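What follows is one structure encoded as structure tokens, with my remarks underneath.
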Amino acid sequence: MHFIRHPIPLLVLGLLLAPWIHGVHYFNQWAVHILGGPDNAERIARDLGYVNRGQIDNFKNVYFMEKSDHPQRSKRDASHLTKRLTDDVRVVWAEQQYAKKRVKRRVLDVSAQEEHFFDDPLWPHQWYLKDTRDLRSYELPKLDLNVKECWKQGFTGKDIVVSIVDDGLEWNHTDIKQNYEYVGFVLLDLDPYASTDVNDNDSDPFPRYDAYNSNRHGTRCAGEIAMVANNAKCGVGVAYNAKIGGIRMLDGSLSDIVEGRALSFNVTHIDVFSASWGPSDDGRTVDGPGRLAQEAIQMGIKKGRKGKGVIYVWASGNGGIKGDNCNCDGYTGSIYTLSIGSASQHGKFPWYGEKCASTLACTYSSGAYTDQKISSTDLHNECTIDHTGTSAAAPLAAGIVALILEAKPKLTWRDVQHLVVWTSDYENLKKNSGWATNGIGLKFNSKFGFGMMNAARMLKVAQTWITVPEKHICHVEASEKFPKAISSDQQLEIHFNLKDCDVEYLEHVQVVVNIEYKRRGALEIDLQSPSGTKTNLLFPRSKDVSSYGFQNWTFMSVHTWGENPHGQWTAVIADKTSETNTGKVISAKLVVHGTKEMPEHMQNSLNSPEHLEELSNSIDDEFQDNEERDVGHSLDWGDLVDGRRCVLVLHRIAAMEESSRKVSTTSEPTDTLDLTSDMLETPKKNKVKREFYLHEATIKNDLETVKKMLQCGKVNVNSTNNMDRAPIHWAAAHGHVEIVSLLIAAKCNIEAADKYGMRPLLLSAWYGHKEVVHVLINAGADVAATNRQGFNLLHCAARNDHVEVVHFILDSLENVSPNPQDKNQRTPLHLAVTHGHEKTVEELIQSQIKLSYQDKCGNTALHMAAEHGHENLTKQLLEAGLDPNAQNNEGNTSLHTAVESNNKAIANTLLTHGADVNARNCKDFTPLHTSVRRGSIDVTCLLLDNGADLEAKDKYGNTPLHLSISAPLVRLLIQKNANINASNKRLQTPLHIAAERGNPELVEILLNAGADFHLTEKSGRNVLYVAARGSFTAIVDLVIKTARRTSSTSYTTQEDDQRLKRMELLRPIFWNLATKQLAPTDWKRLATHWLFTDDQIKALEHQYTGSSSYKEHGYRMLLIWLHGLKLEANAVKELYEGLVAIERPDVAQSVVRSLDKQRSHVVRGSVCRSCSVV
């Protein structure tokens, strides 16, 4: 595209740029261009009543003139004075000066942004870039990718090139073009360096328009990254000064050549590729990059960014509702891609999300039906707030990477992955199930990788980053001999013994398998590392019925990142079904990737006080009720295993004395310590060593050593370790009564608090040492003390089911409140119930404590029992009088909670004790709404049997049928006479929502039950339009078939068989007709002849895969037509007459000739009675 550039006269340009802006102040000053030198300028100033202030610096013949008899500042311009100047033949041009507003461009002021500084209309909707919560919504997690801190420091993605590999890019969009190729006032030619069109073989990635905006995907993804800030259009991109390009490759026939060309395009110029696509997310596909695509990615890694490697950001997939696993996608499972999942506005795993071991991290995207979505640009210069799925999550990650690359351009592709692993945040996601800790203390989850990407944290770490050491790869064959048989209800263990390998610090781990199996989807594969970290590589996929198995397929995991790989790895391949599957494992190989030397950031982190604090704080979770570990593990040096506590303790002990000792955490501790007299007598040299031995002797209950050290008087009895624990803490925690007494006699500080606020008395209650509790109380310990979480003495005892200590406290200590609340307003009853301590709960109830206290979230103890699945405690609390209809801050009753936890037994118990089956929470959800969203058929049946209201509507007008996510649930609700045409506040029926979600199974059930497909939602769109817009061809075909079905089209089983036989006979005829005989527009004319509507024809042609798409459109149309044809009708005759009607008698005769050869064709033993023209 070329533009002619005309010179613009300066006077005209001055008028064009005139400041027609409200509120501008004009000065009594003019810039005037005068020829003839200073003398001539002086004469003109004198003649026209101006004061000549002289020539303006560096501007030849331009003078600064002032009109002293005119107001110095005015809201009106003096155009008459300007005209008088320009009318003088000696003046070339003149311009009155006015006040201009300018800001420093190193960064946009973020505090101002938060006060709506951005004038972009969608900025208030970009909840994931700023914390938009108000006082009413603070139950939500803090929603922030933390990019504003990067903006504050001046990093906005400037000069970083990001290309969107997708269906095109509307580069002339107002909110994109400035970051595409818009410079000054002139739109330049398309940049051949960042954009291309693989589909049409040119350099313009502009998308193809159609009636359904089906090629909007790439433009939406691009906007998330590079929407221009402060231009009053759409929103603000994560990297709003990055350069954006597009590679159009999805709008046509796809092949390895197409993908290879796209992914290798100009890798020496592009910094980041963002891809939000992949193999089908249908729960049954196993596919990945072909030979060329693999080579293309490796080319990008080796040659991109001057050898530092292109960053390939990939969406992990949207097949969660189909039970898909992203490790069956070779793109997201590649070690070279940054695989990104998503979390919802509520910090939860979304319904479409895929779980797998290859996901590195996540960002935000859409979630439940009522959650907000992602804002971006849309086709036709429009904006949207409806971008969804991991398609929307990956571009946010690409934008963050652009910010970091601007700050630290020397980062390699591996550096970026290390940064993501090391800085991602799990805090806002920790309430989700599935979190585990690997051998070096990193939190991971198959749903979210290592957590939510944190741009500010990445930036901080990146600014002092040292490139990771050279990468090594080791291949290990299995110890077993193959092939190995496997079948249903059986598992097979495969072992890999890794030794003599240069990898000491892991990055990626791959398991390459060849497996033959009757039903591939029945298999699951788990892997355990030498450090004990367990990873699920593959879970069963119910929709995968393939017998193809896994042919040299690579499963990848990042969960063991940072671990030492040496030792035995165990892979477990299992089929836990009761089916009759059989097969064999032909081969298996382990491949580990990593470094020989410890990466610098790991060394710095492990030795820095800041990271040691972070590691210590992670142990703080042991005082939280949702943690499975017992805090005791952090107290016992003798019990430490290789992992984060080992690292923590070793580094702290190393800091205690620089030169003298070497501590081993693997050897067994001795019973007594060897104390030399020299050590006891030399004060300075052995001070630290003495204190260390006092701690260790206390832990081991080495009474004699403790006595000897205290008697020498050369040891500090109150010395503390890195967790601020003194010997009295260890003695109290371990129940060493005699040592406690010795330390008290030595005047230790019995009120000393460790870093968790735990005093010796609290520790003795925590571990149930009643005698130590007595001793400390008698010594004057404060019985009202609390730890950092607000736990008092009773909290600590109840939390760990120490009934004797609980009884002693309630019975003997008047100064201890029986109903204390911690900082989260939890009582001891809350803690005991949460952890299932029935005896402690019974003790508390018998002590007549107040039972109805609510914690910070409004939960009673009954809520906690329901949430954690404690059926006996639920009965116990109900019988003690707790109200089953008490609501928490979200309005949920205990029944809501039990249903959310999918616990039928507890739900039934609550219902039999008076729980309201139709109670509503703050979203107007009844338990039935919660149950159908959860997908529980058993709990739903229970609720319906107890009178649940089928037509109850939530705050958005959705009935339970709207929210149902599975076929059995939908069938159940329909059988119970749910209104299948009920509409919500957007006038959407359940059929609209099923179509929008792309679920053909639910659509078919609803259509067969009589759902009205003609109804339109609030925007005027019917179900057919919704399905076509989403490119859900199966749903489009279902709707059209239903629309064309006549009232008499109701068949017996025998008639269904006849219809099937007719279809089998004519299918190859139709295929040949559509692909080889009909011209591009013939199928439309034929469809019109058969009374297909215009909307139906548009919906059919919506799916565009290239210039030959009409063939598939025609074939689908023919099948739909035949499906709706009455059984008694002569299909071939109807087809013949239709072809003649559209003036294609030649094709009609050809069809007849083809069928003449099959006139007596038998299909499964029956003659086709409607397969001739006569």
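Positions of Cβ are set from backbone N, Cα and C atoms, glycine also.
Annotations in TrEMBL come from automatic prediction, not curation.
Pulled from TrEMBL:
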type: ACT_SITE; residues: ASP166; note: active site, charge relay system
type: ACT_SITE; residues: HIS217; note: active site, charge relay system
type: ACT_SITE; residues: SER391; note: active site, charge relay system
type: DOMAIN; residues: 467-598; note: domain 'P/Homo B'
type: DOMAIN; residues: 1082-1155; note: domain 'Death'
type: REPEAT; residues: 723-755; note: repeat 'ANK'
type: REPEAT; residues: 756-788; note: repeat 'ANK'
type: REPEAT; residues: 824-856; note: repeat 'ANK'
type: REPEAT; residues: 857-889; note: repeat 'ANK'
type: REPEAT; residues: 890-922; note: repeat 'ANK'
type: REPEAT; residues: 923-955; note: repeat 'ANK'
type: REPEAT; residues: 986-1018; note: repeat 'ANK'
type: SIGNAL; residues: 1-23; note: signal peptide
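If you take the Cα of ASP166 (active site, charge relay system) and the Cα of SER391 (active site, charge relay system), they are about 10 angstrom apart, rounded to a whole number. In the three-state DSSP scheme, SER391 (active site, charge relay system) falls into the helix class.
DSSP assigns ASP166 (active site, charge relay system) to a strand segment in the three-state reduction. Neighbour count (other Cβ atoms within 10 Å of the Cβ, all protein chains): 25 for SER391 (active site, charge relay system). Mean pLDDT for the repeat 'ANK' (923-955) in this predicted model: 94. Put simply, HIS217 (active site, charge relay system) is 8 Å from SER391 (active site, charge relay system) when counted between their Cα atoms. Following the DSSP three-state reduction, the secondary structure of HIS217 (active site, charge relay system) is helix. Taking H, G and I as helix, E and B as strand and the rest as coil, DSSP gives the repeat 'ANK' (986-1018) the counts 16 helix, 1 strand, 16 coil. Note on the repeat 'ANK' (756-788): residues 620, 623, 631-632, 723, 728-729, 731-737, 740-741, 744, 750, 794-797, 799-800, 802, 804-805, 808-809, 813, 815-816, 820, 822 of its chain, located 6 or more positions outside it, place their CB under 8 angstroms from a CB of the stretch. Neighbour counts of Cβ atoms within 10 Å were compared for the active-site residues ASP166, HIS217, and the top value is held by ASP166.
Broken down by DSSP into helix, strand and coil, the domain 'P/Homo B' (467-598) contains 3 helix, 75 strand, 54 coil.
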